[in-house]
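Report on the structure given below.
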Amino acid sequence: MTEMMHNPESGGPSGGWGSVKSIARIIGDERPSPMVLEELARQNKPGGVMCVSCAWPKAVNYHPFEFCENGAKATISDLTSARCTPEFWTDHTVTALRDWKDYNLEQTGRLTHPLRYDSATDRYVEVAWEDAFEDIGKTLQSLPRESVVFYSSGHAGLEASYLYALLARTYGNNNLPQSSNMCHETTSVGLQKVIGSPVGTIVWDDLEKADAFFFFGQNPGSNSPRFLHPLQEAKKRGAKIVTFNPVMEQGLVSFVNPQSPVDMLTGRETQISDEYLQVRAGGDIAAILGLCKVLVEADDAALVSGAPRFLDVPFIDEHTVGFDSFIDLIRSTEWSTIEAESGLTEDAIRRAGEIYAHAERVIGVYGMGLTQHSQGALNVAMVVNLLLLRGNIGREGAGCCPVRGHSNVQGQRTVGIAEKAKLIPMDKLKSLFDFDPPTEDGVTIVDAVKGMMAGKIKVTISLGGNLVRAVPDQKAMENAWAQQDLTVVVSTKLNRSHLFPGTKSYILPCLSRLERDEQATGAQSVTTEDSFSHISGSVGKRTPASKHLRSELAIVTGIARATVAPSPTLKWDEWTGDYGLVRDLIEATYPDQFEHYNDRMFKPGGFYRGNAAHERVWKTEEKKAVFTTPKQLNALAFSDAEGRHRLVTMRSNDQFNTTVYGYSDRFRGIEGTRDVVLMCADDIQSAGLHEGQVITLVSDFEDGITRELPGLTVTKHNLPQGTIGAYYPEANVLVAIDHHDELSKTPASKAVPVRIQVKTHAAL
Ligand SMILES: Nc1nc2c(c(=O)[nH]1)N[C@H]1C(S)=C(S)[C@@H](COP(=O)(O)OP(=O)(O)OC[C@H]3O[C@@H](n4cnc5c(=O)[nH]c(N)nc54)[C@H](O)[C@@H]3O)O[C@H]1N2
Ligand SMILES: Nc1nc2c(c(=O)[nH]1)N[C@H]1C(S)=C(S)[C@@H](COP(=O)(O)OP(=O)(O)OC[C@H]3O[C@@H](n4cnc5c(=O)[nH]c(N)nc54)[C@H](O)[C@@H]3O)O[C@H]1N2
Ligand SMILES: [Mo]
């Protein structure tokens, strides 16, 4: 075990002084407002501001500082002193900017004015807000309803999101895909299918009571660092942590708490994972089946000896279906098959299985390492299978914990941003707003991209995000996006989606959540929902980056006023003047979840909107929790072939999705570049390569389309054989749009079939 924990390629423990230095570097780059420290001190506390970065929950008993390295970076980035004004475009054409890196686009600073693309000069020019709205409204009115998409990335608060969904539906479609369609849609669909909840089942108290955590493909050190604090506490009380991840991720190895003076001065590290199993990318189904096999064997032995059982038989009998068929598969699958599919040894799986069998209360944590596969939903169902065997859902200290991405990604779905009509209380909308809501399902992201490629989607409105850069098949997407009649992106910073304007194109710059939002009735607050389904109010205090900015809600209602036929029930202006009225509408639409919304929004830790599965009420078709018998033992849509590798597209801790803050992935010891391919020593050798060699990755997805990413430097890293890594979003040119989770259509970005080419273009 000690040998497995050794991580020679890493840059030291997560947290610690490295974290402080990393924040200091970003401060140097961005020269933010001097108020940044005050701002960080208010973060994630009642009456303060909810972090603009990820959706990790807010503690009820908060510490003096409740921010992490990434929250600090995102805050500093929003409060940068750099401005991208209309003058910027005198020196730059749109076409020339396509050669810029994501990092350099980000460094141009906050957008200050609404802009319209001028094709004659290939530049963006200033436009009046009302003129922009009028043109957008007229264009939308002239088009078939199904040809318009209303995308959102999970930033905007619940109030703006509710009205955005209402805009789409009163316009006439359910085309409301979201960033989660590339992320946790696998959870929304897959978890719903097996436990009747589209979101995780645990709450903060459970973190404090669990005695084991099983991590599958989630990387808290980079992506949800505030998670490391409850994990550190858990370790102190003797809880065990087991990790399944092909990459030896530093945040799951050890942690120095940057907010503990003693830890910082002594350099005291907390070892995080007791067992770290470097499963092959896509190998989790077999690995989890192995854990279940250990449990069943222990249970069989207990039956013989009369010792207490390991399976929670009363729970299984009362609450589940599908057990018999699953148990048959567990019994009939040979260890050799499990070893081959998972890439793990029986011994390693047995050690992890023993921890599971002897823990009273277990939380199963997962992230993109499970969701972004062809059989992502099956991955999720396997985690649920594992938990169900010992009744680890719906009781204290136990449950299922998908860790969500954007700060309000889960909440946007809660208040109606969804392409699936059946998820929406249409009758409520009909009675509240006196119209006939559209009944047909809208498009997912995959459908939207394919629709653009086929010329069927003619307009995309984006409430945040950077769709062109975030989706698969990026090269084809760039052309498809630019072929639309109209592209509108509501943004804080310049990004690649702005550089492929449709025939008409607008950039609409918005306030950051950190900024004061003054409307007719005074300063407004917004609300967001975290990964544990808690809703918290957020008050922006900083001076807006420009006096021309509008709030996301005001931009949504501006478009709505110009697009949707007037009606006495659609009070866009009144709602813009007082967000409390929008919260009343949300409460009227979802009374069970949002009772006394305006009164409860500043409750410490947020108010809980509830979750049936948490109470062991299963809203599945079967009205029970479902054991799923997997139809295959890996999560892939392809088989192994000579020279084919499984590419994991990964995040560094110096980026937030397509926003690149810098070139330091210190946890993985990679500095100064993102143009790398990470491989284990054996793979480098067997492919006849050497470290430092520059290669090209080519897609090996069998659809006859050539996809290439040249210029990657071979870099030795701690990975299992056959699994290699490269950074997202750069690697998106290699992902095929048709390569996605079968059930939810989430792109399969974690086991992309690729080959390695050297300069001579000979395939290896
Ligand atoms: N700093 C920072 N924070 C972020 C973000 C960011 O970009 N930067 N993005 C935000 C968003 S939108 C999201 S969704 C979350 C994403 O956060 P995570 O869910 O942690 O996503 P990733 O880092 O993409 O992948 C997680 C882990 O999966 C592992 N993995 C890859 N393939 C497999 C596999 O087949 N099996 C297993 N078991 N593991 C595998 C990878 O090695 C990686 O460590 O983070 C949010 N927070
Ligand atoms: N290959 C590969 N592809 C992936 C992934 C992967 O792991 N691998 N991950 C997927 C995942 S999990 C996700 S969530 C998607 C992310 O996809 P998106 O959500 O579309 O992308 P982001 O990079 O988060 O969007 C960044 C942009 O949002 C804007 N922005 C920032 N803050 C605000 C704000 O407060 N309001 C508004 N209106 N705009 C703001 C800025 O202009 C910034 O440029 O990418 C997916 N794509
Ligand atoms: Mo995400």
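For all residues, glycine too, the Cβ spot is worked out from N, Cα and C.
Database features (TrEMBL):
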DOMAIN    110-494  domain 'Molybdopterin oxidoreductase'
COMPBIAS  521-536  compositional bias 'Polar residues'
REGION    521-543  region 'Disordered'
DOMAIN    646-753  domain 'Molybdopterin dinucleotide-binding'
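Note on the compositional bias 'Polar residues' (521-536): residues 46, 50, 55-58, 157-160, 199-200, 202-204, 401-404, 407-408, 410-411, 414, 513, 551, 553, 577-579, 583, 594, 597, 600-603, 605-611 of its chain, located 6 or more positions outside it, place their CB under 8 angstroms from a CB of the stretch. Counting residue by residue with DSSP, the domain 'Molybdopterin dinucleotide-binding' (646-753) contains 14 helix, 41 strand, 53 coil. Across the compositional bias 'Polar residues' (521-536), the DSSP tally of helix, strand and coil residues reads 0 helix, 10 strand, 6 coil.
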